[in-house]
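Trainee: Sharing the features that TrEMBL gives for it:
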TRANSMEM  A:12-31  transmembrane segment
TRANSMEM  A:52-73  transmembrane segment
TRANSMEM  A:79-100  transmembrane segment
TRANSMEM  A:121-142  transmembrane segment
Amino acid sequence: MTIDWTSFTPWTALAGGMLIGLAAGLFAVLNGRIAGISGVLGGLLRPVRGDLGWRAAFIGGLVLAPVAYALVAPVPLPVIGAGPGTLVLAGLLVGFGTRLGSGCTSGHGVCGMSRLSLRSLVATAAFMGAGFVTVFMVRHVLGA
Amino acid sequence: MAQIASFVAGLVFGLGLLVSGMASPAKVLGFLDIAGRWDPSLALVMGGAVLVGLFAFRLAQRRPLSVLGLPMRLPEDRRTIDRRLVAGGLLFGAGWGLAGFCPGPALVALGTGSLQAVLFVVAMLAGMGLYELQTTLRARSTAVAPSR
């Protein structure tokens, strides 16, 4: 293992992480819910009366974050290497997998681990493990 | 009021993803590539989030109602480990490793106007829709099947 010191950004990572924890914690204290993005988004696909407003508002906040960020500093644009086919396959897997496993990086990774949930720890280990293996296969075995 | 709190939570969450660099797939893939030049940043993002989360969720879990007077909807079950949980995690992880996107960062990237993020989010919604379809069909087939 070689650490990429030029890309490593410990302070912004920690600060950004704390903002994420603050957002998830605020949401739990104020709204009594888990800020799991896949769950919030997935719930929009099976509409229940009176349950759509807060979901849409949360997603709206996420999508508009770059607009708010732009008021202070230039927005760091996402660097996306994957081609269209890979993006579609990845999207299908992420969509189906997060609903089957009841959560993603936010729901299981951030909220679940903060709640000391064993279930979420196992889910996080599963998706992290699969992520490591997939990147290893793509970059070092297939050499894409 | 609940809507405003939701919006603010989403906004702060998104700002956290932008500040931490995790709204960018290249940065996420740098973390997932342990055999290459490894960027440990994501571990600190998780660490920072859980550090704050530990305090906030302790406060939340003690309350019978939320501060805004809503019922607490934090999942009771913290122990059940079944095939769905693990299989879902593995499928999600494979997709995450392919493109470097998970749901939150993909929605933030959508807000930067990225067409690739649009494609990913549409596919992600389709994947979620497929799951809904599959559960509906399964529920219907068990309802129709004669009871044994």
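Heads up, the Cβ atoms here are built off N, Cα and C, so glycines get one too.
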Trainee: So which residues does the transmembrane segment (A:52-73) touch in its own chain, when a touch means Cβ under 8 Å and the partner is 6 or more beyond its ends?
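Mentor: Distant contacts of the transmembrane segment (A:52-73): 27, 31, 33, 35, 37, 40-41, 43-44.
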Trainee: Residues sitting near the transmembrane segment (A:121-142): Cβ under 8 Å, six or more positions beyond its termini, same chain?
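Mentor: For the transmembrane segment (A:121-142), the sequence-distant neighbours (Cβ-Cβ under 8 Å, at least 6 residues beyond its ends) are 97, 101-105, 108-109, 112-113.
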